[in-house]
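Per Swiss-Prot, the feature transit peptide maps to 1-18. Residues annotated as N6-succinyllysine in Swiss-Prot: LYS42, LYS184, LYS323, LYS365, LYS380. Residues or ranges marked as N6-acetyllysine in Swiss-Prot: LYS42, LYS184, LYS380. Positions annotated as pyridoxal 5'-phosphate binding site by Swiss-Prot: CYS131, PHE132, SER203, THR259, LEU260, GLY261, LYS262, SER292, ASN293. What Swiss-Prot lists as substrate binding site is HIS156, ARG386, and the listing cites similarity to another entry. According to Swiss-Prot, the feature N6-(pyridoxal phosphate)lysine maps to LYS262, an assignment based on similarity to another entry.
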Amino acid sequence: MWASFMWHGALSPGRRAHSALAQLRCILDSELEGIRGAGTWKSERVITSRQGPSIRVDGISGGILNFCANNYLGLSSHPAVIQAGLQTLEEFGAGLSSTRFICGTQSIHKNLEAKIAHFHQREDAILYPSCFDANAGLFEALLTPEDAVLSDELNHASIIDGIRLCKAHKYRYRHLDMADLEAKLKEAQKHRLRLVATDGAFSMDGDIAPLQDICRLAAQYGALVFVDECHATGFLGPTGRGTDELLGVMDQVTIINSTLGKALGGASGGYTTGPEPLVSLLRQRSRPYLFSNSLPPAVVGCASKALDLLMESNAIIQSMAAKTRRFRSKMEAAGFTVSGADHPICPVMLGDARLSSQMADDMLKKGIFVIGFSYPVVPKGKARIRVQISAVHSEEDIDRCVEAFVEVGRLHGALP
C-alpha cells in the first residue's frame, strides 16, 4: 500500500522540471508586471540606419534626430574610421577565435595598446572586450584582503560590480563629498594599499569628479587613484585626454580605465592603462582578459584610426563643447533644470518616472530621440531625460531639440 502511494504520488523528473519552470515563469511574470506598473519599463527602439546625428527608427517615417548616443565626436560613422575597419577586416580577418594568451594577439592589438598608453601618457595598456570587463577584471586582480578600496556612491555599475568581486575592505563615500572621502581615508589607514575609485565624469548626472581634491587627499593619506574615463576620453581636456587633463592632474592619477565604444569610434572594447607592472599582472590574473576572445580586428582598426584623428586636431572637441554650451544655455533659459557641469551629458531633471518616460515618448513623435531614466538606473525621485550632444549635431539640430522640449514640457505641465 505504501509503495503504491509513493509510486503514484511522486513526480517524475520530467514533471518536476516542468513544475520548476512553471514556478519560474510565475515569478518572472510578477517581476515584469511590477516594472510595467511602476512606469519604468525600458523598450528598445530598433535603428535601421548607421549611428549619427540623424537616424532612421523602425516604425517611424522620416529621419529622427538622435540625442541619446555616446557618439560624442561623431566618429562612429566617420568615413576614415569605417575605411580603416574595412581594411583591417580584409587584412587580419573577422576574428581570432582565441583568447589573447593562446593565439589571439595580433600586431594590431599590440600597436593599439601602445597607442592608448601614449595617448594617456602612461607606461602600458591592456585591451578588454568592454570597459565593463576592464572594471570587472581590475580590482580582483590587484587588491587583496590586506587592501582597501574607497568608491564614490554614484560610480558606474561596472565599477561597483568589479569592487564586489575583490576581497579588499570596501568603503563608500558620499557623491563628490571630499570631507566624507577624507574621513574614509582616515579609517582605511590600517590597510596595506588604499585605492580611491571614481568616475571621471558621471554618466547619469553629467558632473565631473573633483580630481584635484581627490589627488590631494590621496597624496596626503598615501592612497592610489583610479579613474573611469568612459564619458571623458576623447573630448574632455584641451586634447581630449580626459578629466585628468582637464583638471591638470595627469601625473597624479595611477590607473585609468576607459572605452573604445563611445567617443573613440563607438564600436566596442575597453582598456586599462597605467604602470607597466600593473598591466603585466592583469595579463596574468585578470579573468575577463584571460577568458574572453580578443577584440575583432575591424574593431581594433576603427579605434586606432579614431585615436589618430583625435591626435591630429582638437577642432572636433571645440565644436562639441560649443554645441553643449548652446543646448544648456537655451534649455535653462526656457525654464528647465539641466544637471551637471559643461559636459555633453545634459540631464534634464524631471523627478517623476512616468513624466520622464511619457515626455521622451512625445519627443520621439516630434522627431527627437531621447531616453527617460528612472529608478533603479537613477535614485528614486531623480528621474530625468538624458540628452547627449555630439560634435556632428548642427546648431539647427540643437535649436530644434530645445523647441521640442519646450512644447512637450508645456503639454505635460513641466513648464508653465
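Cβ coordinates come from backbone N, Cα and C, glycine included.
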For LYS365 (N6-succinyllysine): intrachain residues, at least 6 apart, with Cβ closer than 8 Å: none
Longest CA-CA distance among CYS131, PHE132, SER203, THR259, LEU260, GLY261, LYS262, SER292, ASN293, per record bound to pyridoxal 5'-phosphate, angstrom: 27
Euclidean distance between Cα atoms of HIS156 (substrate binding site) and ASN293 (pyridoxal 5'-phosphate binding site), Å: 24
Binding-site residues compared (SER203, ASN293) - the one with the fewest other Cβ atoms within 10 Å: ASN293
Three-class DSSP secondary structure - ASN293 (pyridoxal 5'-phosphate binding site): strand
Tertiary neighbours of CYS131 (pyridoxal 5'-phosphate binding site) (same chain, Cβ under 8 Å, six or more apart): SER158, ASP228, CYS230, ASN257, SER258, THR259, GLY261, GLY270, TYR271
Pairwise CA distance, SER203 (pyridoxal 5'-phosphate binding site) versus LYS323 (N6-succinyllysine), rounded so that it is a whole Å: 18
Residue with minimal Cβ packing [other Cβ atoms within 10 Å] among the binding-site residues HIS156, ARG386: HIS156
Residues near LYS323 (N6-succinyllysine) in space but at least six apart in sequence (CB under 8 A): PRO344, ILE389, SER390, ALA391, HIS393, GLU395, ILE398
Per DSSP, three-state class assigned to SER203 (pyridoxal 5'-phosphate binding site): coil
DSSP-derived structure type at LEU260 (pyridoxal 5'-phosphate binding site), helix or strand or else coil: coil
